[in-house]
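Asks: Here Swiss-Prot flags 10, 17 as N-linked glycosylation site. According to Swiss-Prot, the feature topological domain 'Extracellular' maps to 1-39, 91-104, 176-200, 274-288. Taken from Swiss-Prot, the feature topological domain 'Cytoplasmic' covers 61-69, 130-154, 222-252, 310-340. Residues or ranges marked as transmembrane segment by Swiss-Prot on the basis of sequence analysis: 40-60, 70-90, 105-129, 155-175, 201-221, 253-273, 289-309.
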């Protein structure tokens, strides 16, 4: 539920009316906004909801939770927060940009969505740093890499995300535009306010964490290559070479980071491009909505990446299902005994 969406919606009709074929352009925009986009977001919402609930349930029910499990569980929770706002976004799109759920819910949904952006970026960054220490310097900061400390770190990241999202809690509200449509938007009337807020959100959620994430993985790749060369020269197994399980976890986190970059980069680039545009073009309008779909799609893709890339999840799912079945059978047995 991005605050920029409402302004984009209201400029789209005017923009398309100036295109080659007014009637065709208007009909196309209407179909895209009220049918195609809501349908796409609806599919993403359904898939992501099931997948992320499955991941959270699997980790919570696991007897042995690792440090990466805690980070992945928090990412899944963040994705669920992201998905919670999707039905409201679908409804607003389907009604031509009109918000009918009232001001308080507009503020809550918009603020939680922004908070999720901060949380995802922060968790992804800290998880990348954790992978660096687990792989390259496993004996450093060991007292911080415990399950208890990791839970506290993640709680701190969530608290910081709520604080960073305070401007959205204050300024997001239902706004009535010139065409009479009331939309849930971010009430920034000054161009300077729009500029500073866009830079603030883009830098803190993408351009600041991105270099940290990339540095961590460049160092990991350099270390892995160095260990490979040492093994090749010595023609033996070096005990300092990372274990296969650590490498699998690192590979999984690396793929998650790549998905994070590919899904978030288009949206943030378009936000910066918008600052330089006096009148959005049709290409910008289409690109903006595609970037929205990409950002939401990552919430659906992530849980399946956890399952496909992590051997632990593939082993845990049948075990948890078996334990749940056994528990259900025992409960049925106890119920039958109580009746006889």
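Each Cβ is built from the backbone N, Cα and C atoms, and glycine gets one as well.
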Asks: Are there at least 3 C-beta pairs under 8 angstroms linking the transmembrane segment (105-129) and the transmembrane segment (201-221), leaving out pairs fewer than 6 apart in sequence?
Replies: yes
Asks: Is the transmembrane segment (155-175) packed against any residues at least 6 beyond its ends, judged by a Cβ distance under 8 Å, and which are they?
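Replies: For the transmembrane segment (155-175), the list is 3, 6, 74, 99, 102-103, 106-107, 110-111, 114-116, 118-119, 122-123, 126, 182-188, 197, 200, 204.
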Asks: What are the DSSP helix, strand and coil residue counts for the topological domain 'Extracellular' (91-104)?
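Replies: Reading the DSSP string over the topological domain 'Extracellular' (91-104) gives 6 helix, 0 strand, 8 coil.
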Asks: Give the nonlocal contacts of the topological domain 'Cytoplasmic' (130-154) in its own chain as ranges (CB under 8 Å, at least six residues past its ends).
Replies: 65-68, 70-71, 74, 123, 216-217, 219-220, 223-224, 242, 246-247, 249-250, 253
Asks: Write out how many residues of the topological domain 'Cytoplasmic' (130-154) are helix, how many strand and how many coil, based on DSSP.
Replies: 17 helix, 0 strand, 8 coil
